[in-house]
Every structure is written in C-alpha cells, then in structure tokens.
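For 416-425, the entry in Swiss-Prot reads compositional bias 'Acidic residues'. Summarising the annotation, Swiss-Prot assigns compositional bias 'Polar residues' to 440-458. The region 'Disordered' annotation in Swiss-Prot covers 397-425, 438-491. What Swiss-Prot records for 26-46, 52-72, 81-101, 119-139, 165-185, 210-230, 255-275, 277-297, 303-323, 338-358, 365-385 is transmembrane segment.
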Amino acid sequence: MAIAVLGPTFLDLAENVESSVANISFIFVGRSMGYLGGSVLGGILFEQINQHLLLGISMLATAAGLFVVPWCKKAVLLTAVMSVVGMSMGFLDTGGNIIILNTWEDQAGPHIQALHFSFALGAFVAPILAKLALEFLPLDKKSFNVSEPFLEQSALPFGIKKSMLSYIVIGTYILLVSLFLFILFSKSRPRQSSGKASDDKFRTARYHNAVIFLLFLFFFCYVGAEVAYGSYIFTYAITYITNIENNYAAGLNSLFWGVFAAVRGLAICFATCLYPGTMLLLSVIGCTLSSLILVLFSRNHLLLWVGTAVYGASMATTFPSGFSWVQQYTTIGGKSASLFVVGAALGEMAIPASVGYLQGMFPNFPVLMYTALASSTMTAILFPVMYKLATAQQDQAQYNRVESDDRRALLSSSGMEEEDEDEAQNWNEADFETIEMNDQMKNSVTVISEDTPGNSAPSEILKHSTKSNGAEAAANKSPSRKHNTDREKND
C-alpha cells in the first residue's frame, strides 16, 4: 500500500508542494534509488542481525515517512522522504523472502505465494482507500467554519489537506504491524550463528553463482515486462488501435491487474499440490504463447482481451515461484535474495523507460507487444539453462559421495594390509631369532659330545630335547600357530 498509494495521490502531492507534475516526477527516481539501496543493504544485514528486528525497524521507518509526507511543502524534501520509504520497502522485499525461505525451506512455496499475493492485495486496496478517505472523513465545514471549496483542500488541523489523509491511515496501519514485529522479536530466541548450521540445511549447487546470476537476468526481464505492460497497455490501446474508447482501454488495464491479483491468490492453493518448477514452467509457457498471440493479432479486439488475461495470469506466479524453485537446489542467503530484488528493480526502471522512448519514436509500431515477446523469449531460454546448472549438483554430489566412500574404504583396507604385513614381518624376525638360537645350542651340544664320547647318549637325548623345545617355541610364536590357538579358544 505504501508504494501503490503514490499513483492515485500524485496530483495531490504536486498541489501540496505547490509545484508541477514534471518537477515532482523525481520522487519516483528517489524512491527507486532508495529501493535499490535498501535491497542491497538488507541482503547484508539480514545475515548478521535478527531478521524480525530489521523488519520491525523497516516498517517503523515506512510509517514515519508516510506520516511526514503531508507536511512536505518542498519537492526536494518530498523526494528525500520517498527515498527513505523506498529504502524501507527494499528491506521489506528482501527480508520477507529470506524469512519465509529460512522458516519453511523446501515447503516455502505456498507461504511465499501468500507473501506476494499480499503485495498485489495492497496495490489493489490503496487506490480504494485513497478514495474512501475523501468520502467518509468525519469532518464537515461547520466544525471548522470554512467554505465548501476550502473544505476539499484543507479540512484537517495543522494545515493538512484532506487528500493527504490516506498517507496517515496507511502509516498508522504499518505502525501497528511494526509493533507486532517488535513483540515477535522480543519473544524469539537468539539466532544461532551460521557456522553452527547443519550441513543438511545448507546446500550449495555446483554452479551456484551462475544460477544466481541467470536468475537475476530472469527477474530483470520478467518484472520489467510486467511493469511495462501494466503501465502502457492503456496508452497502447488508445494510440495504436483505431476506433477504441477510453473505457475499453481502461478495461484492459483493469483486466491485466485484476487477473494478476486473482491468480496470485489462487497460487497459494496451487503451490500445495504443484512443484515450484512446474508452476514456473507453466508461467514461462503461458507468457510466451500469450505474447506471441498479442504480436500476431495486435489489432484484434477479442484476442487482445484474451491475450491480456492469459499474460497477466502467467505473470502472477513467476516471481514467487522462482524464489521457491531455486531454494530446492541451492541455499538462498541475504545477498542472493537482495540480488534478485535488485534485478527486479532495475528491470522495473529500464524496460518501461525503453518502451516509452521507442513508442515515441515508432508510434505506428506495436513496441509494447514486441517487448513482451522478447522478454518472454528471453525467460524461455534462461529457464532450461538454469535448470541444467541447478540440477548438475545432484549428479556431482552423488558421484563425490560414492567416490569418497570408495576412497575411505580403500584407505582403511590398505591400512589393515600394512598392519598385517608389519605384524607378519615381526613374527618372521622372531622365528629367525629362534632358529639361530637353536643352531647355537646344537653346535654347543655337538662340541660337548665330541669331547666326551662316554656321554654320547645323554648328549643325544639333550640334543633331541633341545630341538623339540625350539620347534615348539617357534611354533607357538608363529602367526599361524597363534591363529590356530585363537581359533581353538573361540571354539
């Protein structure tokens, strides 16, 4: 709501700062720059500081910025305030996706679809809220003793214009949300350091950086085409299609965003029974086919309505499904999530600006439809490449796991063989020592027997006894004997 409320109240803001629409157009640039800065900074801080605390601070900064907007009487001050609001929105987009991915991990599909549905719901509610603030404000000219025309311009205390009340209402709602986040932070346990995270919850694809960069380009094309189509479909219908009324063109615009929001709501249910990759593939196919129809039948009224509806429905689930899909193959941290948001923001700025410039140069050419087709073709090329790179880590990881097990088994078996060889060598040395001792004793007995012939019988007996004892000792000390003895003990 904080972002969408700017459109319906843009003329009121110009009047509030007493400037022209052209002079305050810089607030969009300021908000976009703040959004980019908040996305990058949030990606770094969300890995270091408690995530609920950062979300609470960002929501509090958003509420403060919206409260200050009605008192901004200078275009420069209004641009600075919008930069702060944009920065807090960058924090919110990055942090919201990170918290959901970290909390539900592989089951984050329905939850991240619900998050992005809330974005579409807020964009739908903001214009209605801005209109209701003017119609149901409980103030009248009698309470302030002012005339009817002046009541429409300044019917609130402190010089606040009545049209600025929507910023106060939305700011109050966001302030309450920030208080709940601070309460959640006070009840949450301290987060463990990333170094203590288990390996099961942290996985990295073999081509992690390549997948992240390609998904950055994917979101750049997707979000740029989405914003360009939603922004220029009304102008395209008025300028390019002949014999068309403003109500018809406005109906195309409402159809696109209405189907977009409705399908995002239905995607919460679809995500419970479909894989994120399946939903992303259906979105890519739907965008490609519908944009092709819009190019081939760019002047056909019926197919323009059908193509717009299908294109809006296909666009609805692409961004959240992309987050859920890549989380299945590689862990998405703060920096990666911020890179996705930055890519989307850059596409939101670059592609619509390019469409506007080219449409002015070639008014008789359907630039918008060809831009949609080019973006859809680019995403259709990027998705198979990303899938191939993301799934390559499964085969490689399995190969590395088998290879490490084999290497571990070989090392253990070689270690056992070396121990057996050392033990056998030691026993062989012991056998040789025993044989040498027997030879020495044999020689000594022989010498004695030669010197004393009369003692030949006892010498023979002693010689025979010595041989028997030596053989038994050698047999008892040999590995084979030891093995047989152990076997007998076991038996």
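Even glycines carry a Cβ here, placed using N, Cα and C.
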Contact check, the transmembrane segment (52-72) vs the transmembrane segment (338-358), 3+ Cβ pairs under 8 Å, seq sep 6+: no
Outside the transmembrane segment (277-297), six or more residues from its ends: residues with CB under 8 Å to it: 109, 225, 267, 270-271, 303-304, 306-308, 310-311, 313-318, 321-322, 325, 328, 366, 369-370, 372-373, 375-377, 379-380, 383, 387
As a test: from 26-46, 81-101, 210-230, 303-323, 338-358, pick the stretch that has the greatest number of Cβ pairs under 8 Å with the transmembrane segment (365-385). 210-230
Ranked first among 26-46, 81-101, 165-185, 210-230, 303-323 for CB pairs under 8 angstroms with the transmembrane segment (255-275): 303-323
Considering the transmembrane segment (81-101), which listed stretch of 26-46, 210-230, 303-323, 338-358 counts the most C-beta pairs under 8 Å: 26-46
Quick tally over 26-46, 210-230, 338-358 of CB pairs under 8 Å to the transmembrane segment (303-323) gives the top stretch as 210-230
